[in-house]
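Colleague: First the structure, then my questions, so here it is.
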Amino acid sequence: MGLYFLDYGAGNVQSLANSLKKLGYNFQWVTSADDFHKASSLIFPGVGAFGQAIDALESKGFLQPLRDYIASGKPYFGICIGMQVLYQSSAENPSKRGLGVIPCPIGEFSSADKTVPHIGWNTVDLLDSAEKSDEGLTRSSHYYYVHSYRAAYDPVTYPEAAEWAHGVTQYGQEIFVASVRKANVFATQFHPEKSGEAGLKIVSAWLSEPEVARAAAPPTPRILRSPRPKDGLTKRIVACMDVRSNDRGDLVVTKGDQYDVREKAPAAPGAVQASAAGEVRNLGKPVALAARYYAAGADELCLMNITSFRHSPLRDQPMLAVVRAAAEEIFVPLTIGGGIKDTVDPDGTKRSALEVAGAYFRAGADKVSIASDAVHTVERMRQKARDAGEDEDKAFGDGTSSIETIARAYGRQAVVVSIDPRRVYVDPGYDGPYKSELIFGKPNGEEHERGKAWWYQCTVSGGREVRPLSVVQLARGVEKLGAGELVLNSIDRDGTGKGFDTDLVQLVRKNVRIPIIASSGAGSAAHFVEVFERTGVEAALAAGIFHRGEVQIPDVKKALSDASFNARI
Ligand code: 1PR
C-alpha cells in the first residue's frame, strides 16, 4: 500500500520526485503490473511524446493495469502526458489509442496566431468561478506549461468530456483544458512540480486530501467560455549560469565579455595592452546561485557547461552532479546545455546524444540545449541536398540527429537550440552570399554611421570557430528538425550591457514559429522591456547583471508589469 509513482522511462520525473521529497512524502516506483494493485494512490507525471508514452506503457504491460487502477476508484494524479493519456487519442501520434477515459481527442495548437509549443507561465480559470480550488489551484497564480498538443475546451462538440474539465486556460485565442477532475481522477496539463511555490501547494493539497473528500468532489459545471483579447501567458525572465572548471579544477559560475571568461591580467611593465591570460572569472557556486535566482523569482534557469567542447564524456560528468543538486533546490524549469552530442567515455564506450540528454533528464533537467551539434547537423542536411541537386532551403533531416532523436523521445519542447552568432560587417553594396539577410542599421545607429551593413554568421565551440551558415539558415533548419525553442545569444553583445541585439532578434523572430529566448547584452531592466516591445519574443535571458547584483529579478518583473506585459511577480 502507499503512494506509487509511474515512470514510463522518458522525461524528467525526477522533478516531481524532488518535490515530494521536499514536501516530506515517501513513495515507491511502479516496477511491475502488480504494483498497481498495491498502490493506494498513484501519480503519473508524464513528460514527452504521447505515442512514446503509450508504446512504453504497452511494452511494460502497464496499459491495462493503469486502466483498471483508474476504474477501481483509487486516487490518480496525472501531469501533462499523464493527463493526455486519459483521452481517446492525440494528433501527436494519431495511430495510438489513449485510455479513452475522457471521450475526446487531443488536438494540436494552431501556430497561425502564436508560437508553438506553448511554453511558459500561464493562469488557470476555474470553471466553477472560484478563486481557489480544493486542489490548491488559485486564479491569481501562474503555472508552468510546456506542450504543443491540448484538449480544446468545447462543451458543445464534446459535452461529456467537458464535464471532466475543472480549469481552463487561454493561449492566443484558443481555450484548452488546464486541469480535469472527476471522482478519483485529478490531472493537470501544466507542471505543478515546475510551478514554484504555487505548484508545490497543489502537490501538497492532493497528497494530504482524504480519499473520501476527493470521491465526493462535485462535478464541474459545463460553462461556455469565450476568449479574452489577451491571454495570460507571461514574458519569461531566464537567469543563465555559464559553468566551467577554473584553474584549480573547481566548477564555478563564470561570465565572459564577448565569450572571453578570463580576467584581464594587468599589463606587463612596458606592454601596451593587458594580456587576456588572467584567471577564469569566478562569480559563485552554481547550485547556490541557482537557489538564489529561484528564490528571487526567476521563471527559468539555464546551466551551460561551457568547457564541454573540449572534453565531454558522460561517465564522471561533473555537471550531472550539479544538475542533480540544483534540481533538489529549485522548482522552476531547468535547462542544461553544453556537450549534448554523441560522445565517447574514457573507456571507449560510445554514448549517443540521446543517452547524454537522458542522463541529464534523469538528473533533473527539463530541457537540453544544443549548440555546436545543431550547426553541424544543419550544415550536413544542406550539404546532402546540395549533393542531390536539390534546394538546400527545403532540406529535411534523416531522423538520426541529436535534435530529432531527443525530440522523438522526450517531445520537441525538451529540445532547445542555443545559437552563438556574430556579426559580419560588409559594405552596403555587398553582393555575396547571405545578401538577402543583410541588415543596414538605423539611420542614427553607430554601424550606419560607419557606412556598414552586416549579416549574422553561426559559430561553434563557444564562438571559437565560424561556420559557413547564417543564423536564419540555422534557425529555420533546427525548427524543421524538431527543436522546440531557441536561445538566441549574440557574441557581439555578450557581457557588454549595451542591451539585446534587437536587429538579430527581429530577424530570427520573422523566420521561425517556435518560441525564442533573447540573450546577451542586458544592462538594465529597461533593456528587457525594449526587447519585448521591439521583437515580441517570449522570453529574455541575462547573466552578468544578475550575477553581479546590478539588477534584481523582481526589478525586471516590475518594469515589465509597468509596461503592461504579463509577468509572474
Ligand atoms: O556547443 O552544444 O557544447 O554548447 C556550448 C554552450 O556553451 C553554448 O550554448 C554556448 O553559448 C555556451 N558557451 C560556450 N562558450 C561560452 C563562453 O562564454 N566562453 N557561453 C559560452 C555563452 C552566452 C550566454 C550568456 C548570455 C548573457 N554565454 O550563455 O549567458 O550572453 O550574458 P550577459 O547577460 O552577461 O550579456 P555546445
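Backbone N, Cα and C atoms are what each Cβ position is placed from, and that goes for glycine too.
All annotation found in TrEMBL is predicted automatically rather than curated by experts.
The domain 'Glutamine amidotransferase' annotation in TrEMBL covers 5-197. As annotated by TrEMBL, active site, for GATase activity applies to CYS80, HIS191, GLU193. As annotated by TrEMBL, active site applies to ASP242, ASP420.
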Colleague: Taking the Cβ of ASP420 (active site) as centre, how many other Cβ atoms lie within 10 Å?
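Modeller: Counting Cβ neighbours of ASP420 (active site) within 10 Å gives 27.
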Colleague: On a C-alpha basis, identify the one among CYS80, HIS191, GLU193, ASP420 that is nearest to ASP242 (active site); the candidates are the active-site residues.
Modeller: ASP420
Colleague: Taking the Cα of CYS80 (active site, for GATase activity) as the centre, which of the active-site residues listed as HIS191, GLU193, ASP420 lie within 10 Å of it?
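Modeller: Within 10 Å Cα-Cα: HIS191.
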Colleague: Taking only same-chain residues 6+ apart in sequence, whose CB is under 8 Å from that of GLU193 (active site, for GATase activity), what do you get?
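Modeller: For GLU193 (active site, for GATase activity), the qualifying residues are SER15, LEU16, ASN18, SER19, PRO45, ILE79, GLY199, LEU200, VAL203, PHE331.
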Colleague: Which state, by DSSP, holds HIS191 (active site, for GATase activity): helix, strand or coil?
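Modeller: Where HIS191 (active site, for GATase activity) sits, the three-state DSSP reduction gives strand.
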Colleague: Considering only the active-site residues CYS80, HIS191, GLU193, ASP242, ASP420, which possess a Cβ situated under 6 angstroms from at least one atom of ligand 1?
Modeller: ASP242, ASP420
Colleague: What same-chain residues, at least 6 away in sequence, bring their CB to under 8 Å of the CB of HIS191 (active site, for GATase activity)?
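Modeller: Residues satisfying the criterion: SER15, PRO45, VAL47, ILE79, CYS80, TYR143, TYR144, TYR145, VAL146, GLY199, PRO333.
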Colleague: For the domain 'Glutamine amidotransferase' (5-197), what's the model's average pLDDT?
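Modeller: A mean pLDDT of 93 is what the model gives the domain 'Glutamine amidotransferase' (5-197).
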Colleague: Give me the count of other Cβ atoms within 10 A of the Cβ belonging to ASP242 (active site).
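Modeller: So the number of other Cβ atoms within 10 Å of ASP242 (active site) is 27.
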Colleague: On the three-state reduction of DSSP, what should I expect for ASP242 (active site)?
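Modeller: The three-state answer is strand.
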Colleague: How many other Cβ atoms are found within 10 Å of the Cβ atom of CYS80 (active site, for GATase activity), counting all protein chains shown?
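Modeller: The answer is 27 other Cβ atoms.
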